[in-house]
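Annotated in Swiss-Prot:
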SIGNAL    1-21  signal peptide
CARBOHYD  72  N-linked glycosylation site
CARBOHYD  133  N-linked glycosylation site
CARBOHYD  140  N-linked glycosylation site
DISULFID  304-313  disulfide bond
DISULFID  312-375  disulfide bond
DISULFID  341-406  disulfide bond
DISULFID  345-408  disulfide bond
């Protein structure tokens, strides 16, 4: 008897599925959502910085050039990283992801340019060496979250080839029993195209440097196979030696600014090869990682901002730090698109709602609970901010601050 009643209830729920095709989470109006989102962002930023209240705004009129340069480099790096990983369906959801990261920039140690060149072959340069001093953060080895090596590729109009493969290596201590290099990454690059920043993930390498200072012998960018040129079929062309035709800003002689030209010297330093380190301050990390979640692709800004989609989608929301939050202590950016998710969620039996009938029955028996699908964020991106605590400038990365896509869940 009880089984028959259950079957009747399930049948009625299936029949009602079409009429109950909208989520119960769709009754909120946009103004209400915006107010809630603004307040959530206020608390989120303070929480990620481990601040109990907003710091007093700085009276400094001008931001130091090196601080602004660090902010711009970090922002550009994050844009590149998330652009390259747009197809990655996984996202870490750990405590280390949550809290803000302190940003450090280390420029390449400048020296005589010939010290940056390696001539494995007798007729030309095949490698470039990049050295860095990261000893100032050695005590924070366990707090390293990410490290990126960035170098600006410049066009080479006199190049004999249109494309060349380069490979990045960690230089190891000389030992007859092990290799002298450790491969990190490789890229196929145009030699004459417009200038572009190249980024390489060197987290493991820098972590080793922080752990053992003597292991920091620098990085090497080399052509794929020094001293040889290959035919399209893979055969080696004897007696034709390949040399590096990729040019890098800050390491090639063409960049010599001349004596006394402070403006060009400053520009060269801004564009010189450098490391960007993201460190988690010890006071912001109390617990071990909280695990990872696999996420599926959702409706993103590319679709939602171009279409008048009424169902669940990401909606644009610009937050002005001064006008919306009443904050003067954040110097850069002045505001950003935080965005939010809103819209009805289809309440139909599908791959994502296989148990919709069971959820419906649960809703009937538990009217106060919410088992209906809601429009929620799926993919989020970080935000880089420049702010002052007293007279000390800080550049930090705040994770998961920009909603890029949504899903029904």
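Glycine too: its Cβ is placed from the backbone N, Cα and C atoms.
Keep in mind that what you see is a predicted model, and the values were worked out from it rather than measured.
Neighbour counts were taken at the CB atom with a 10 A radius for the disulfide-bonded residues 312, 341, 345, 406, 408; the maximum falls on 406. When the recorded positions 72, 140, 341 are screened for a C-alpha within 10 angstroms of the C-alpha of residue 375 (disulfide bond), the residues that qualify, in sequence order, are 341. In the three-state DSSP assignment, the secondary structure recorded for residue 133 (N-linked glycosylation site) is coil.
Between the disulfide-bonded residues 304, 313, 375, 375 has the most other Cβ atoms inside 10 Å of its own Cβ, all protein chains included.
Note: the Cα of residue 312 (disulfide bond) and the Cα of residue 133 (N-linked glycosylation site) are spaced 49 Å from each other. For residue 140 (N-linked glycosylation site), the nearest of the recorded positions 72, 313, 341, 408 in terms of C-alpha separation is 72.
Taking Cβ-Cβ distances under 8 Å and a sequence gap of 6 or more within the same chain, the neighbours of residue 133 (N-linked glycosylation site) are 106, 109, 216. Rounded to a whole value, the Cα-Cα separation of residue 341 (disulfide bond) and residue 72 (N-linked glycosylation site) is 28 Å.
Residue 313 (disulfide bond) is 9 Å away from residue 408 (disulfide bond) when you measure Cα to Cα. With a 10 A radius on its CB, residue 140 (N-linked glycosylation site) counts 16 other CB atoms from all the protein chains. Among the recorded positions listed here, namely 72, 304, 313, 345, 313 has its C-alpha nearest to that of residue 406 (disulfide bond). Taking the Cβ of residue 72 (N-linked glycosylation site) as centre and 10 Å as the limit, one finds 15 other Cβ atoms among all the protein chains shown.
It is 39 Å from the Cα atom of residue 345 (disulfide bond) to that of residue 72 (N-linked glycosylation site).
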